[in-house]
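If you look up Swiss-Prot, you'll see Lys22, Asn23 marked as phosphoenolpyruvate binding site. The annotation UDP-N-acetyl-alpha-D-glucosamine binding site is assigned in Swiss-Prot to Arg91, Arg120, Pro121, Val122, Asp123, Leu124, Lys160, Val161, Ser162, Val163, Asp305, Ile327 on the grounds of sequence analysis. Summarising the annotation, Swiss-Prot assigns 2-(S-cysteinyl)pyruvic acid O-phosphothioketal to Cys115. Annotation comment: Swiss-Prot describes Cys115 as active site, proton donor, evidence class sequence analysis.
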Amino acid sequence: MDKFRVKGPTRLSGEVTISGAKNAALPILFAALLAEEPVELQNVPELKDIDTTIKLLNRLGTKVERNGSVFVDARDVNQYCAPYELVKTMRASIWALGPLVARFGQGQVSLPGGCAIGARPVDLHISGLEQLGAEIVLEEGYVKASVNGRLKGACIVMDKVSVGATVTIMTAATLAEGTTVIENAAREPEIEDTANFLNTLGAKITGAGTDHITIEGVERLGGGVYRVLPDRIETGTFLVAAAISGGKVVCRHAQPNTLDAVLAKLREAGADIAIGKDWVSLDMHGKRPKAVTLRTAPHPGFPTDMQAQFSLLNLVAEGAGMITETIFENRFMHIPELIRMGAHAEIESNTVLCHGVKKLSCAQVMATDLRASASLVLAGCIAEGVTVVDRIYHIDRGYEHIEDKLRGLGANIERVKSTGK
């Protein structure tokens, strides 16, 4: 497995170009299964999870080509099963189920894998599809869905706010007969982006980005061209990189209005923030950040995918800060690794109390999930000495060319290729 070797400490400063959002590109790629004409997707990041999704779409009979944009032609889909060998590394594969059963009347997806950060069950996906009229069977590790004719619109009240289940229900309802209303829907910008994509193809979705989404079912979707929105989590990660190192960064091709909760906490930490239509900058003027207290929450609250980065910020900040994780279990697995680098922290249940230290020391550390791996790489950038971050396949799932972008900010980082042994 590849590793990163990071030599610090470094003050990270400069400009970085933000990639397309992984968490929008994935549901949009799966939603392209609904289209009966070719689709061109722009600003799709080059990531392991995107590659896995393209392989999965190809397995189903979809023609997918990458040539700058990603071109998806789902006219000749002739397989309706997402097999275990492709699904096991990526939970997003469940998003194939809704489009398959909506357009073809059948679909089956192996129970998914992905990051080891809690249960994240698929029961809300299943319940939503059943309320649309699908028959669901769990058999031999697969979720199997079928329907005679078209799905039927329904009023669905989500028991719990779920990004994944909101996407599944919304995409399936696009081709359902009648009107579907999703109450207590997730409000993430990536859901709004997926709805905007579907509307480009001829869907009739209103309210995406709020907790009340209405979908007027249509008989078919055509083709179109769509540009994926910028990645707010990547943007936040590079802003934190500058904040923890006393640096200054300008994030270009960003969408600052998706980052309100993160920017508010960075200002609280003492950062000077400036924003434009498609850029955001942070300047620490060489100062240490101040510790902040926060709770993760569904959008528009503080995103769980920025929790690990802010844990690191608190661990090198002035003072002490408390972070409470309300979305996922087991999402403090990076903390013991940071403690090995000299951080002071105490975990109790779903809360971590961070006591800031002036400096971290190098160590060999192991990434456990996508966002935790980013925090360890950033820790290496500011720690004294050479830090080795193992299992970086996690980071390749969600950050496009992160070592190149960090080098552009002055980081001393290299990828050590696996020998294959």
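Cβ from N, Cα, C; glycine included.
Ranking the binding-site residues Lys22, Lys160 by other CB atoms within 10 A of the CB puts Lys160 at the bottom. Contacts of Asp305 (UDP-N-acetyl-alpha-D-glucosamine binding site) defined by a Cβ separation under 8 A and a same-chain sequence distance of 6+ are given as Asn23, Ile233, Leu370, Arg371, in order along the sequence. Of Pro121, Asp123, Lys160, Ser162, all annotated as binding-site residues, the residue with the shortest Cα distance to Lys22 (phosphoenolpyruvate binding site) is Ser162. A 10 Å cutoff on Cβ-Cβ distances gives Pro121 (UDP-N-acetyl-alpha-D-glucosamine binding site) a total of 12 other Cβ atoms nearby, all chains included. Sequence-distant neighbours of Ser162 (UDP-N-acetyl-alpha-D-glucosamine binding site) (same chain, 6+ apart, CB under 8 A from its CB) are Leu124, Ala186.
Burial estimate for the binding-site residues (Asn23, Arg91, Asp123): highest at Asn23, by number of other CB atoms within 10 Å.
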